Structure formats: C-alpha cells, structure tokens
Amino acid sequence: MQLQVMNSPFNQEQAELLNRLLPTLTESQKIWLSGYLSAQSVSAQEAAGTPAAAVSAEAPAPAVSKEVTVLYGSQTGNAQGLAENAGKQLEQSGFQVTVSSMSDFKPNQLKKVTNLLIVVSTHGEGEPPDNALSFHEFLHGRRAPKLEDLRFSVLALGDSSYEFFCQTGKEFDQRLEELGGKRISPRVDCDLDYDEPAAEWLEGVLKGLNEAGGGSAAPAPAAASQTGESSYSRTNPFRAEVLENLNLNGRGSNKETRHVELSLEGSGLTYEPGDSLGVYPENDPELVELLLKEMNWDPEEIVTLNKQGDVRPLKEALISHYEITVLTKPLLEQAAQLTGNDELRELLAPGNEENVKAYIEGRDLLDLVRDYGPFSVSAQEFVSILRKMPARLYSIASSLSANPDEVHLTIGAVRYDAHGRERKGVCSILCAERLQPGDTLPVYVQHNQNFKLPKDPETPIIMVGPGTGVAPFRSFMQEREETGAEGKAWMFFGDQHFVTDFLYQTEWQNWLKDGVLTKMDVAFSRDTEEKVYVQHRMLEHSAELFEWLQEGAAVYICGDEKHMAHDVHNTLLEIIEKEGNMSREEAEAYLADMQQQKRYQRDVY
C-alpha cells in the first residue's frame, strides 16, 4: 500500500521517503519502529507537561497480553541463544514470556500452555540434545496429553551434511500436531548459517501471534534504547592475536595436537569453564587455486556475498567466506538444477539415496567439479549455492581467572586420504601449518550452560576426557585451583602412547601433587598388546566410582560422541547396575535422574 499525501499528515517529500523505506523493512523492524515512535510520542507529551494518563486516555486500549512459553533443546548453546533472543523480542512486543530449557520444564505443566515455541537442535545421528531427551521422551510417550488448545511453532537447527537433518525439530513439530496442537507459523529448518531463516521464523511467529490478538503491535518503549551498543559475537567476531602455537605431542607420535593461546585483550569477552570458543577459519589457498583452475575462473572477478550487497574478489571469497570442503545433498541438488548436468541428475534420482550418501562421504567441491564439471555457469551463480563458512567450536582449555585476557585451545590436526587425495581439516590444519604468533583469528565465545562445574565447590567431580577431550578439564582444574575448591576430583584420560601423547602431563602431575586433583587413571591404547581405553579403567574402579556417585559426584564427559561417549555411557550403566544391584531399567533411571540434577553432563562432538 502506497502512502498518499492527501490522506496523511506528511508532505510530498516525507511521503516519498516513507514509501521507499517501508517496503524494505522486516516485520520485526516495523514492530520495533512502531514501539520507538510510541515511546517518542509519550516522551514528548511528558516534556510538554501533559500527564501520561491524559495521553493514554485518548489512545485505544492495548490488546491483552498473552503468555508465550519458549522451550529450547541445545547441546552447544546455539538453540539456547536463539530462544533467549526470541523471548526478548516477544517481551518487547507486549507478550509475557517464559524461556526455559526443556530439562527444567515440568511436562505436567504443558496442558496449561497456550502458546509454545520450540527451538531445538539435532545431535549425532538424528538424536535430541541431552537437555531435550526427557521432554522428547515424555511427548512421544503414552502420558503425553491432548493439546487441542495449544498453538505452537518449531525452529529446528541442524547440519545438512548429515543424513538426519533437523530430525529432532521435525519430530517435535509432527508430534505436537498429532496431539492436537495448531501451528502459529510453519516449522523452519535451519542449516549451519541460521541467522536469516531464524529471523524469518520469528517474524512469522510475531505475525501469527499478533493476528490472533495476543500482543500489542508495538514493543515495549524500552526497546528504543537498545541501539548503538555492539559487542563481539558470532556475527561480529573479535580478531584475537595468536600468542602461542605449540605441538603437544612428542617426537614419533602418530598425532599432532596444537595448544593455541589467544589474546582477548580489549575485546570485553568473558567465559567460564565449560564454554567453547567459535573460530572462523580460512580455506587452504592451495585448494582454492585448484578449484579456480578447474573452473577456469578469474580469481579477481568481483562476486556479491549476501543480500546486503557485500562484495569480494572471487579468490578471497572462496578462501574466507564459503564452505568448499563439505558436500551436502542440498548442494548437489542445487548444482544439478543450476547446471542441468544429466549425470548429476541421474545420481540424485529417486531411490538412489545410498549412492548419494556414498558419494558425499569424504568428498569436497573440487571433487564435484572434477567429476561432473566443468560447469558452464558464472562464478557468481556458482558461489550463490554455497554455504557460508561455519565457525568451528572448540572446548576452551583455560580458566579466565588463571589467564586474564587469554583463551587457550587444544586442537587435533585432521589429515587423512580419501578418493585418491589427501584431505585436511580446515581449521585444524590452518592452526597446524599456517598460523603463526602475531597472526589473528576471528573468534567469539559460545556460552554452554549444559557443561558447568557444580555450584557447590565441595561437590566431587569425575572427568572423562581422552585425547583433545581433555581440554575443558584443564579449564576445570585451573578454575578450582584459583578458587580453592575443596571437592574431590577424579580424572580419566586416554590416548595412544604414554611417552608421546600424554597431553599436559606435567600440569596433571602438579595438580595431583598439590591435591587439586584427587585421582587420575590413564589408558594408553597402543602401549599394551590388548587395547585399553578409559572405559576399561572405569570398570577396574567400579566400586569406588559408584561410591563417588552415591556421595553426589557430578560426571563430565568430553570427546568423540559416536564411539567414546557411547561406550562410556554404557560403562556407567554397567557400573551402576552391578555396584548398585539394580536392573538395567533401574540403572537407566538412576543415570537419567543424575542428568536431570545436572550431575551427568556431556560436551561431545
């Protein structure tokens, strides 16, 4: 709708300006602007001496505010951050909002909820995050109530390079509908680059709620003051200077593990033990050169990166902005549509899912253009189908109390051969081969409330962290040493060889000597004829370990999810079953209760 001068208080120039501006605004921006103008109007009336009551007496009565419950299931903190942001924006729009982790929400309260927003990630092979497990199980069980009076919407987070993309969100969405719920707005599935789709989802939610008469069209006036403040974040990373970059493994090791120390001086960034650091890496320039050569593209050609119109030379864009080392089914589908390649279309034909899965595994963009190209498309067309470079999350290996203005990382270099070529981890090999002291890395802190030391410093802790999984426990120990925590601490560490792969060995020995660490058990799998892993050491001490659990100890696991964390989980169940004289079902309930009490926490990948 065009604003006309004849039916408005604006002159011709003002009307033209507004007609150019309004179509470019999103729904949430319009809502914010409405609240801002309302606040300005009230302020002007008060400054002129007009009582606020007189102003409100002439205004129409605001719509009755309705309650909205926002539940999140989050493993690394992304879903939690989006849920909290949604809560703030809803409050500014006049809603009464409760934001909660699914693990803290009492399922028997669900029947009382009128408007429900679900923000949830998918973990591992299509599984819910740890703090969503109990709610997911309840909702899919026999005790789930009928929800005919519920209105809901789901924001699903995932990674399209995995087979079960956004599976948990899809399951919540389907189940809530089966129980009688009606959608406020359609489910939105987000890939790694989730900012824009998440914002569009929230716009749809606000529109749906407001159309139902649930909230005011304007946010609270306080929103008007929330401008001009900027902090370093995932969308505005801080360039941290590299202070140290050392190889932790000894000569002759099969592994290369980097200890990287970064300066946070001047950033204002803070973190707690258990948090992660997001790092935006760059692609290997050699791989980019091969890709440019294969496609016969001009490296200096200017390409547009985003809807905002930011531009870069093609080579720079491929190095720093786009993901080129991972193939996904959506990427293949877009490439087939863009290029019209018959062979690629044949690969993607219905019923050919297993072949697609096999092709994607271990291949990158260079493989795609070599196998099915070169494509007769422009560089701009091709980069438009690529995902933005995702950040890599690393468990922080330091305590801010012990290392002011610094953050330390423990990064395992990834190298392997596949499909006739050497493959390299994007971020890990940047750190191993190209990153020097004095260089900078774009970083941000990812807070993780699902992996935190006990509030009571006297609570015993049991830590299981083989390989680079040791990182957060170095942070835990530094923090406990700084604060003088007196609770018992037991560490299980494992790797290949004692001589070359005992990461931070001297530090662990000093903590043992000083009493900061009570016990440490290690497993070096290649030093014995029969491979020994951390779960074997746990079984050897099953009676004492169960005693610690009975005393209220908190258990922390960090590292590989697919094998190690799965095996350790089953070992814990075995120990509880054996030492507690329980059935398997009782042991599972015991561990689930620990998880509910935040005494069983995992940082797995």
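Cβ coordinates come from backbone N, Cα and C, glycine included.
Per Swiss-Prot, these features apply:
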DOMAIN    68-206  domain 'Flavodoxin-like'
BINDING   74-78, 121-126, 154-185  FMN binding site
REGION    213-234  region 'Disordered'
DOMAIN    235-454  domain 'FAD-binding FR-type'
BINDING   R392, L393, Y394, S395  FAD binding site
BINDING   D495, S525, R526, D527, T528, E529, E530, K531, V532, Y533  NADP(+) binding site
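Everything Swiss-Prot records as a feature, shown here on the structure.
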residue : record               : Cβ contacts under 8 Å, 6 or more apart
S74     : FMN binding site     : Q80, G81, A83, S101, V119, V120, S121, P129, N131, A132, N450
T122    : FMN binding site     : P128, A156, L157, G158, D159, Y162, F164, F165, C166, Q167, T168, G169
L155    : FMN binding site     : A79, L82, A86, L117, I118, V119, V120, G169, R187, V188, C190, A198, W201, L202
D173    : FMN binding site     : I118, V154, A156, R187
L179    : FMN binding site     : L139, A144, P145, K146, L147, L150
L393    : FAD binding site     : T76, S276, L277, G278, V279, Q446, Y605
Y394    : FAD binding site     : S276, L277, V279, L409, T410, I411, A471
T528    : NADP(+) binding site : none
E530    : NADP(+) binding site : none
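Cα distances from D495 (NADP(+) binding site) to the binding-site residues S161, S185, R392, S395 are smallest for S395.
DSSP assigns Y394 (FAD binding site) to a strand in the three-state reduction. Here R392 (FAD binding site) comes close to G278, V279, Y280, P281, V426, C427: these same-chain residues lie at least six apart in sequence, with C-beta atoms under 8 angstroms from its C-beta.
Secondary structure at D173 (FMN binding site), as computed by DSSP, is helix. The most crowded of the binding-site residues listed here (S161, Q167, S185, S395) is S395, judged by how many other CB atoms sit within 10 Å of its own CB. DSSP assigns V532 (NADP(+) binding site) to coil, not to a helix or a strand. With D495, S525, R526, D527, T528, E529, E530, K531, V532, Y533 listed as the residues that bind NADP(+), the site has a largest C-alpha separation of 15 Å.
DSSP classifies Q167 (FMN binding site) as helix under the three-state reduction. Cα-Cα distance from S161 (FMN binding site) to S395 (FAD binding site): 22 Å (rounded to the nearest whole number). S395 (FAD binding site) and R526 (NADP(+) binding site) are 26 Å apart (CA-CA, integer value). A sphere of 10 angstroms centred on the C-beta of R526 (NADP(+) binding site) encloses 13 other C-beta atoms. Of all the Cβ atoms in the protein chains shown, 17 others lie within 10 Å of the Cβ of V532 (NADP(+) binding site). The two recorded residues, S395 (FAD binding site) and S185 (FMN binding site), show a Cα separation of 35 Å. Between V532 (NADP(+) binding site) and S185 (FMN binding site), the C-alpha separation comes to 52 Å. Take the CB of D495 (NADP(+) binding site) and look out to 10 A: across all protein chains shown you find 26 other CB atoms.
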